[in-house]
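Undergrad: Below: one structure in structure tokens.
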Amino acid sequence: MVPIEGLVTRPSLRPATAVLALTAVWLLVAVAFGVAGVLMPVPAWLLWPSAIGATGTAMLACRIAAATGQPVISAFWRRITATMVWLCVGSVLQLGHRLFIADTEELTPAAGACFAVAAAFGMMAVVRLPHPRRTWRAGVATGLDMAIVVTAAAIVFSHFLWSADNPAIGGGAATAAFLMIVMIAGSAAVAAVIKAGVTGAGPVLAPALWTLTPIGLLSPAAWILTPVLAPWPHLDPSVASLPVASLLVSAAAWVQARTNTSGRAAAAQPTIVRRHGAWRSISVVPYLAVAAVATMLTVVTVRNGYLSSGLACGSVVLTVLVVTRQLLALLDNAVLLDRLDSQANHDDLTGLPNRRLFTSTLARRTAPTTVAVCDLDGFAALNDQLGDETGDALLRAAAERVGTVTGRDAVVARLLGDEFGLLVPGGDTLLAERLVLAFRTPLRVDSRDLLVTVTAGVATGAGDEVPDLLRRAEVALQAAKYTGADRSREHSGALDATAQHHAELAAALRRGLELGEFRLLYQPIVELPSGAVTGVEALVRWQPTDKPIVSPAEFIPVAEHSGLIIDLGAWILDQACADAAAWQRGHGPSGPRVNINVSARQLLDPDLPGLVASALHRHGLDPDRITIEITETAVFAGGAALETVRELRELGVGLALDDFGTGHSSLTLLRTCPVTTLKVDKSFIDDLNGTAEQEAIASSLSTIASTLGLRAVAEGVETRDQADRLHALGYRYAQGYYFARPVPAADIAALLADPVPVP
């Protein structure tokens with residue numbers, strides 16, 4: 001067969017299955033011969049050929065398991081192979097002795113030595129398996145579990161092997177040799193139990209190791225059954241146990257081979273038997289060992305009426321080990337509970353108390369207390385720009401900076417995301433202001449300085465007011481954020497009323513969107529000096545049912561803060577595109593272009609470009625018929641907002657910087673942000689006929705726009721003199737009440753037909 005490149009071939013399971021079946025056949029043959037010998041006279045060596053055949057077949061099974069496993073697994077199965085080899089050699093020597101030298105059941109020294117070496121190889125194979133690394137406490141617990149299992153096994157073995165009622169105990173070198181084999185094999189069984197159920201099976205699958213475990217118990221069983229089977233010489237227990245041991249070895253090898261051929265890495269298997277729920281981390285083997293000893297001691301006591309001194313001493317030792325292990329378990333549980341409590345009450349990133357611990361601490365206080373809450377201004381944009389790893393480092397540095405503002409008796413917590421809380425005794429109304437001042441010094445993050453300001457709120461109180469201080473401080477924080485960044489606010493009763501009003505307004509906003517209570521007005525943008533309408537700016541208005549009109553200055557900040565600006569902005573975009581498409585169809589190229597305001601919150605929405613493209617397609621509108629208006633502060637920090645702006649520009653829509661000159665006014669922004677229009681703020685227009693400095697600023701802004709190939713639009717033009725002066729300073733577009741107030745879409749046609757010229 002020619003291998004196909006890219007395909008991984010795996011060994012077949014058929015050889016292991018065939019060997020397992022052959023071993024089972026040998027066992028059936030041995031059983032048949034054994035039964036026949038009970039019914040009729042047969043040679044005493046009748047079972048030896050089947051025992052030797054089964055042992056040889058098991059050797060082949062081990063070779064298959066060793067050839068298909070990983071290095072550690074292969075070494076384990078090679079040692080098991082050596083075990084079977086020495087068993088086979090010993091069996092052949094014993095058979096040869098009975099056939100050609102003396103027909104006796106006594107174990108020959110050579111065969112006994114081979115059996116002892118085989119038992120030693122089996123024990124070494126189990127003991128040499130690696131085990132997972134543990135902490136010192138887990139190591140002590142595992143050691144105690146092992147001691148419990150070993151002690152229990154020693155008690156059971158000693159009782160059955162040295163019982164005065166056991167006529168198999170005699171004397172001589174053969175008996176001593178066989179006893180040594182029994183002890184080594186029993187120790188191997190105990191070691192296998194410990195590896196499979198206590199310390200972990202390591203790279204060898206636990207089911208395979210559990211399958212091998214009973215083999216070590218066959219020698220003690222043969223020792224005990226020797227006097228029972230004495231009437232039938234052919235049923236030598238040591239010989240009869242070989243086919244059983246061979247079948248168990250072949251079965252374990254088949255389990256290992258199946259795993260290897262299925263492509264599952266044995267090293268990836270769990271190191272202990274899978275458990276569920278509360279039993280996942282508990283080994284039941286020590287408990288089973290204790291239960292076995294308790295059962296045996298009960299039976300011995302009932303039968304004999306007393307316990308021998310050896311059994312009594314063993315039971316005392318076992319009791320001490322069990323009590324010590326339980327005390328350690330209780331200590332581990334206490335440590336674990338403390339650790340879980342710490343994890344539940346502390347932040348993983350900064351190590352500070354979390355909101356749960358902060359609120360519980362606050363709830364227990366009645367003395368005068370001050371609570372301050374702050375969050376990092378623009379952290380989301382910074383995190384997007386610098387990456388999560390740097391963002392986490394920034395939060396850790398911020399946590400350290402917050403801690404420097406207060407003394408040791410303060411509680412500093414990370415409440416949520418980039419929000420931190422402080423709790424200090426007494427009335428410290430300047431705490432929030434000190435927080436703001438502390439963050440005006442750059443933070444050292446990953447070998448670089450980052451200037452990140454904070455906005456903070458503070459509240460003080462005593463007695464029953466203390467548990468409510470966190471809410472009050474957060475209300476003050478939100479009030480401060482409504483007015484901008486890098487500032488603080490102290491809580492007052494009026495803020496609660498404002499917060500309640502904002503909450504009610506947000507709910508009304510949601511209902512208004514569902515009921516269609518919003519409408520758009522359009523304020524013309526005209527060309528100077530003709531006054532011809534070249535564009536319009538879409539302005540949203542809200543008329544609640546049976547209530548007065550709500551000012552945009554009131555509901556827009558609430559929509560921004562509550563996130564409803566996303567839904568409101570989507571409605572504005574769709575309605576404005578629908579009106580623009582109607583003007584495009586009715587007036588052709590002379591129809592007005594539409595400017596649509598987009599907030600900073602909307603620019604952080606990755607779905608915004610897709611939303612714009614969908615609206616354009618849905619209404620059949622050319623992309624150059626709309627212009628998206630953004631503020632300088634929304635894109636100054638770059639990051640996701642600037643990336644969204646670039647995606648919008650790639651759609652073919654225009655981009656305007658609104659209120660230019662009032663924000664950061666960075667000329668670099670004009671190079672990095674793909675804008676097409678500058679809308680000069682009204683504040684530069686109001687004093688045009690005043691000082692020469694004011695006119696110089698307005699003129700320079702027009703010159704910059706012209707040099708960069710941008711269109712400059714003067715906002716807030718209210719008089720003819722302002723319009724005249726703007727035209728003289730080089731402005732070709734203007735907007736303001738002098739030309740027209742915002743009007744419904746139906747009135748735009750009249751303005752197109754009757755422009756307001758500038759003389």
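Including glycine, each Cβ sits where the backbone N, Cα and C put it.
According to TrEMBL, the transmembrane segment annotation covers 19-40, 46-68, 80-101, 107-127, 139-162, 168-192, 204-226, 238-257, 278-300. The domain 'GGDEF' feature in TrEMBL is assigned to 367-493. Taken from TrEMBL, the feature domain 'EAL' applies to 502-756.
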Undergrad: Which sequence positions outside the transmembrane segment (19-40), separated from its termini by at least 6 residues, show Cβ-Cβ distances below 8 Å to it?
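TA: For the transmembrane segment (19-40), the list is 46-47, 50-51, 53-54, 57-58, 60-61, 64, 232, 234-235, 240, 243-244, 246-247, 249-251, 253-254.
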Undergrad: Summarise the model's confidence over the domain 'EAL' (502-756) as a mean pLDDT value.
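TA: Summarising the domain 'EAL' (502-756) by its mean pLDDT gives 89.
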Undergrad: Please list, for the domain 'GGDEF' (367-493), how many residues fall into helix, strand and coil according to DSSP.
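TA: Reading the DSSP string over the domain 'GGDEF' (367-493) gives 54 helix, 38 strand, 35 coil.
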